[in-house]
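What TrEMBL says about this one:
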type     : residues : note
TRANSMEM : 13-43    : transmembrane segment
DOMAIN   : 18-439   : domain 'Major facilitator superfamily (MFS) profile'
TRANSMEM : 64-85    : transmembrane segment
TRANSMEM : 100-118  : transmembrane segment
TRANSMEM : 130-148  : transmembrane segment
TRANSMEM : 188-210  : transmembrane segment
TRANSMEM : 276-296  : transmembrane segment
TRANSMEM : 311-333  : transmembrane segment
TRANSMEM : 340-362  : transmembrane segment
TRANSMEM : 368-395  : transmembrane segment
TRANSMEM : 407-430  : transmembrane segment
């Protein structure tokens with residue numbers, strides 16, 4: 001207990017910075033992945049009603065499906081654009097300044113969402129989702145790079161994994177606020193979609209109170225004294241010579257090798273295995289199908305045999321399962337190692353999906369089968385959170401300071417393209433009953 005209190009006192013500024021970065025970083029991404037599902041029926045109704053007022057005709061089902069898919073998928077289009085802009089803008093203006101302007105973008109998107117019904121404009125929802133996506137794609141890359149630079153070597157894995165924790169907490173908060181007893185109602189859904197303006201405002205006010213990262217000060221500003229000072233502020237009054245030596249090596253390397261562009265990274269044969277590892281981890285996350293569960297959990301649970309009234313409460317189980325899993329990953333990552341967590345997580349995910357295929361096929365034969373499907377979905381999310389939580393730590397650690405920004409451009413691009421494809425295609429699969437036929 002005494003050791004814990006001592007660590008909390010030593011790293012109190014670091015802990016505060018992690019929290020501030022989290023609520024304006026991956027928290028937003030998690031929130032907007034999950035929150036769009038709860039008011040889906042009200043948004044579809046709003047789109048249909050607005051269309052009818054304008055054109056005096058009812059919108060056909062196919063057009064409504066296209067517009068609804070666009071509302072969901074515009075988020076990933078914005079995310080792709082944001083992730084592609086990260087390297088250039090952070091290199092020119094620095095991570096802190098970019099993160100502050102990113103919050104202004106969130107506030108603009110929140111205004112569009114909050115007043116869309118008053119203006120009778122579903123286009124405002126589309127633009128708002130695009131801006132939220134740009135902010136998320138931009139902010140995700142900054143957040144993960146920031147975390148890799150503010151922590152001492154022995155806490156780097158632990159610190160990097162907090163990005164996943166804030167993302168899962170964001171999903172859970174989105175699901176809770178989306179309940180019909182809170183903001184998931186016909187009257188309050190615009191406020192639900194605009195609520196992240198609060199966390200954006202908090203970060204906008206508090207982030208300037210914190211110092212720049214030691215890596216930024218030493219490598220880009222070439223200010224060794226300020227770097228030492230910030231190390232002591234963030235990590236306590238101990239000897240940080242090892243971390244300083246690593247940064248000096250990185251600085252010397254940068255003199256002979258400038259900041260890499262994505263094209264430079266592809267050409268660099270010395271980083272080939274890191275590229276393969278990065279690509280494997282990003283693709284496995286996208287192909288796992290977890291985003292389809294978050295975007296369209298109503299369809300997934302309805303297919304599993306549950307009523308529409310039960311589904312909002314069941315989705316809370318998804319958020320709670322992943323939150324528990326990421327906290328578990330956070331506590332185990334330094335003890336078990338990254339590779340062990342990944343292998344165990346993906347192996348157990350494959351096992352649970354195999355069993356889920358069986359239970360979905362038998363759901364009409366036995367009344368208790370849907371509950372087995374529910375348990376397997378929760379287990380799948382639990383294994384996903386505990387296994388893939390190590391991915392962020394690995395990707396941040398295997399690349400050098402000069403190549404990290406370029407690596408995150410690729411990560412963001414693959415991630416957002418995957419999210420876009422799932423968001424656009426899945427509703428049409430459901431509408432054509434291919435989902436049910438498959439199982």
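Using N, Cα and C of the backbone, Cβ positions are placed for all residues, glycine too.
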Residue list, the transmembrane segment (13-43) vs rest of chain: Cβ under 8 Å, 6 or more residues beyond ends.
68, 71-72, 75, 99, 102-103, 106, 122, 125, 129, 132-133, 135-136, 139-140, 142-144, 146-147, 150-151, 155, 159, 162-175, 177-179, 184-186, 189, 192-193, 196, 199-200, 202-204, 206-207, 210, 233-235, 291, 294-298, 312, 315, 319
If I count Cβ-Cβ pairs under 8 A between the transmembrane segment (188-210) and each of 100-118, 130-148, 276-296, 311-333, which range comes out on top?
100-118
The domain 'Major facilitator superfamily (MFS) profile' (18-439): mean pLDDT?
84
What else in the chain is close to the transmembrane segment (64-85), if you only count residues 6 or more beyond its ends and a Cβ gap under 8 Å?
32-33, 36, 40, 43-44, 47-48, 122, 125-126, 129-141, 295, 408-409, 411-413, 415-417, 419-420, 423-424, 427-428, 431
Using a Cβ cut-off of under 8 Å, list the residues of the same chain at least 6 residues beyond the transmembrane segment (130-148) that approach it.
18, 21-22, 24-26, 28-29, 32, 74-86, 89-90, 95, 98-99, 102, 105-106, 108-109, 112, 156, 159-160, 162-163, 196, 213, 392, 395-397, 404-405, 408-409, 411-412, 416
